[in-house]
Structure formats: structure tokens, C-alpha cells
Amino acid sequence: MNDKLDRQALQRHLDQLPPMHPERRAAAVPMMQALQIEHGCLDDAAVEEVAHLTGLSVTEIDELATFYSLIYRRPAGRHVLRICDSVCCSLRGADRLLIAAENYSGVPLGKISPDGAFSILPSICLGLCDQAPAALVGDEAVGPLDEASLEALLQRLREED
Amino acid sequence: MEAVLTHHLDINAPLNLQAYRAAGGYRSLNAAFDRKPEEIIETVEAANLRGRGGAGFSCGLKWRLRGADAPRPRYLICNIDESEPGTFKDRHLLYGGPHQIIEAVIVSAYALQAEQAVIFVRGEYAKGGNGLRRALEEAEIAGLVGTNIGGNGFDLQIEVHVSGGRYICGEETAMLNAIEGRRPNPRPKIPRPSVKGLWGYPTTTNNVETLVNVPHILLNGAAWFHDLGVNGGCGTKLFCVSGMVQHPGLFELPCGTSARELIFEHAGGLAEGRTLLGFLPGGASTAFLLPEHLDVPMDFDPVAKAGSRLGTGSIIVLDDTTCPVQVTLNLMRFFARESCGFCTPCRDGLPYLAQILTAIAAGEGQAEDLALLEELSDIIGPQSFCAFAPGAVTPLISSLQGFRKHYESHIATGRCPFDAADRNGA
């Protein structure tokens, strides 16, 4: 078990589980989200802890963790940038943005930039088609972007830390 | 036309409880509590409010079919898992007016006599989900949500669930699994969720745009709702227009407004000198329509008659600098990636289609590939477990029909004819 895990905070998710949910398993996703906000991703110890608290097996929790695109089982950069690659953003230049992002960060999409500042991920439609081509920085929407504004954004994220 | 659903929306500064009430918000609660639940359902059915999430099923009929004597507890789920490419209307509703959503959930739950409601928000809208939670807290403190609401003896608990991601969670039965903490595969269609849904109890799921119409129908009546539409449509519709138009955006207009008006008046038309190649009328999983369909009223039945679906009412526009093979490939890659992987025709079939399209788009396709794409589509759609794969092959089949000569030219010349042009339209 990982000493860093805040068991009390996790237990609160169980305690606060609305009575409409008769089984503890309903708290699995909210717990994983809380752990990720705290630690950046879910390591094996975190998965074991969620399994323990929800009464599910480690395999069942891992099945959920790996199914969901917004739950990470590996560390990510300090900032996560999701660039939409679906149809509307693609029509308005997302393909070029993805190439520019890779060139700027110097690592393939999905990898952490060498300075640890960011991870850049392609994403399904973000519901930002009216700002295409668009992206999310954490939970904040940005767009429309071009290569220059994307590089300026990455530069800013890098300098923020 | 006066905006109904977008009247108070402000994405940057949504109204808090006090301001929303001052603007007339939550008035529909009294209108609801003054009536019997079955009267409300009759009114919603008479208004011909059809599902705004894509299926277009009558909301009132869905509610009535669940049955007034359904066992308890009963659940209402408000679907804000908007992930259909081209669709961003629910984001505006969520970020711009959380109290409008809570009001709609309260009166809809009252009509259904459901004591539990879950508002399911896609994970990419987590910030909007937080805003909704804050609004819910305000409503709970004010006694609008909880026990004995308005002294009327009606109890309602509302939970905001923010998803972990993935398109399939928006499917009604996959969402039930997601809420229960199970892998979000779709469930078998029988028993229906209205009989055995969340935790095995009667569950009614509606898209958020559908639900936010309900308070207005209660306050103004079914006839008023009918009169809002044009060309036979009922109510207003939140139309999204994106892609190769000058001003992509959200437009609340009468249901039944033509695609021509949406694209050329409201979204500013195409860039100078461009012509329309075609458009998707209702998001990524609908069939392409062509310039000859521009005057079709954007309403459920007329769009179906034209060979497509109104879907989410989200128009994605292609102009003559857009390679339709590339666009179709992008759609297929989306669906191949988002398949939940539960059934084989979908999990293995969609990547196969994407692979063939990749070759054609790159000028490496073979003459027999087009027949192969059609044959595979005919197998994959009907043989798969849920509606996802049929939706995935729909734009492909229509693209092969409507843009045939573009496919043939890629294969015949061994290159993409749009490569020379700047298809990104910068």
C-alpha cells in the first residue's frame, strides 16, 4: 500500500455515496477521479486501494481504469493538453496542430515532454466545434488555435512552472 | 423568434439561483405541483416534444409507457454525455445555465414520480459539471431539491455524475453500467431500462435539451410549443453548425428551419468562391446529404425522408476544397477508436473499414475496395450488439453513394485530388 494515499479522503467518497446507490461499486469512478487529481495518475497501489474500499477485485478496477480515456494508469506531464482530432477540428486544421505539437514537444503524442511540463494527447470531439480547431488545457477550453498560438500556449505552460 | 432555451444562457457568467429566480426561473415548479403527474405527461405528449439526443422518440410517450404503477425506486437520468462529433449544444446548456437544467429535472422527475435523478456529464465537461454541482447545492439549500419539495410531499435526490470518458457512455444502457461502476458496455435491449434499469429498477433517460423544454411547455402549453416550429416542426431546436462555414455556432431556431437558412444565413455561408459539397445533418453518425437537400426542413421526419437523420441537429459542412474520402476516414477512425470492444463485428470490423479507407485516401486503393466496403458495412451494422456500429457505417454507406466519383478518382489516379489544394481552408 502506498503511504501517500489519503484513505480518509477516499472513505469520504463511500460515506457520501448517495443512498440511491445500493452498492459500493458506484463510488469507483469518483474515487479514481479524486486520486488522479491528487496524484496525477493511478499507480498499482491506488488501484488496489480502490478495489479494497469498493469491495471489487483489482482486475475489475483495472478494467474500469483502462477503459476510461480520462483515467491514467501512467504518469502524465504537469499540464495535459488534449487536441481534438475529430471531424470538425480536422476540417479546420487540427492535423497540422497535432504535427506542430509533436515537433514542439520533441516527443510523440502521449509521452511526457522532456522537462515534464506537459503531455499532449489527441482527443475525440471535445464539443468545441464552434471554436475549431480546439483543445482542452486541463479543463479549460482553448480555440481556435493555429500553429503559432499553440506554440505560444505550450511556451506559457512550460514557463508557468 | 424569441429564444426559449438560450434566453438566459451565459457561458462565462451563468445565473446563480437568486438571479435565475429573479428572471422567472423555477416558476414551472408551481405549475407542475398544481397538476397531477399524468396531466403533465399528457401535456408533454400533446406538445409532440421529441428526443433531442438523436433518436427523436416522443418524450411524453416514453414517460407514459414506463407506467404510473412502476415499482419503486424509480430513476430519471439526464444525459449530458454529449460526444457526437459536431455537437456542442449541451455544453452551452450546461456551462451557460445550470439552474435551467435542475429546474427541468425537478419537474420531469415529478411527472415521472421518480425520487432519484442522476445527471450524467461527460468527463471533458468536468468544469461544467462542477458549476452544476454548485447550482445543485444552492437549490438544495433553498429546499427546491430534497424532501417534501415546496411542501408538496414530493421527494427528490439529484446526483451529478462526471464520466471517466468514452463516447459509448452516452448510449442509454452503457450509461447505466457506467453509473453502477461496471464496465460501460451496452446492455441487451430486453428488459428495457423502463422496466429494469439502474440497479434493476425502472429508469427513464432523456437528453438534457429534451428536458429543458419541459418547464416551458408546462408554463405555456402544448399549442404554444407547436407554434414555435415551422414547416411542421414543433418547438425550437438548438442547431449546431460547424465545419467549412464562416461563422460556426449554436443557433436556437424553429424546429423545421431549412439547412440552407442555417448554413447560409446564420452560419455566414462558405468562404468566398467555395461551393457546397455536402453536409452531415445530425452529427457524425448520420448519412451525408447533398446540395439538393438544402431546403429540407431540419425536423425529424423530413430529414428521415431525405435519407438521413436529424440526430442531434448538428450540421457539419463540407465545401469543394474538402476531400470526402478523408472526412469519411476521419469519421471511421473515430468510431473504430470509440468502439467499446464488447462485440466482434464492431471491435474488429470498424478498424478494418478504417484500414481500407486509409489506403484509398492515400491513393493506394484497389478497384474492388468499394464493393468490399459496402459488403462489410452490410455485415457489420446488422450483426453488432448495439446501435453504435450501425451509426458508424451510416456515413460511410452514404459517402460511397453521394461522393462515388471521388472514391473512383482516388483509385484510378493513385492520388488524392485534393492534395494540391489547401483542404484545411486556411
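Yeah, the Cβs are placed from backbone N, Cα and C, and that goes for glycine too.
Note that TrEMBL annotation is computational and uncurated.
In the three-state DSSP scheme, A:Cys84 ([2Fe-2S] cluster binding site) falls into the strand class. Every protein chain considered, the tally of other Cβ atoms within 10 Å of the Cβ of A:Cys84 ([2Fe-2S] cluster binding site) stands at 30. Positions annotated as [2Fe-2S] cluster binding site by TrEMBL: A:Cys84, A:Cys89, A:Cys125, A:Cys129.
Chain B has a C-beta under 8 angstroms from the C-beta of A:Cys125, A:Cys129, taken from the binding-site residues A:Cys84, A:Cys89, A:Cys125, A:Cys129. All protein chains included, A:Cys125 ([2Fe-2S] cluster binding site) registers 29 other Cβ atoms within 10 Å of its own Cβ. Counting every protein chain shown, the number of other Cβ atoms lying within 10 Å of the Cβ of A:Cys89 ([2Fe-2S] cluster binding site) is 31.
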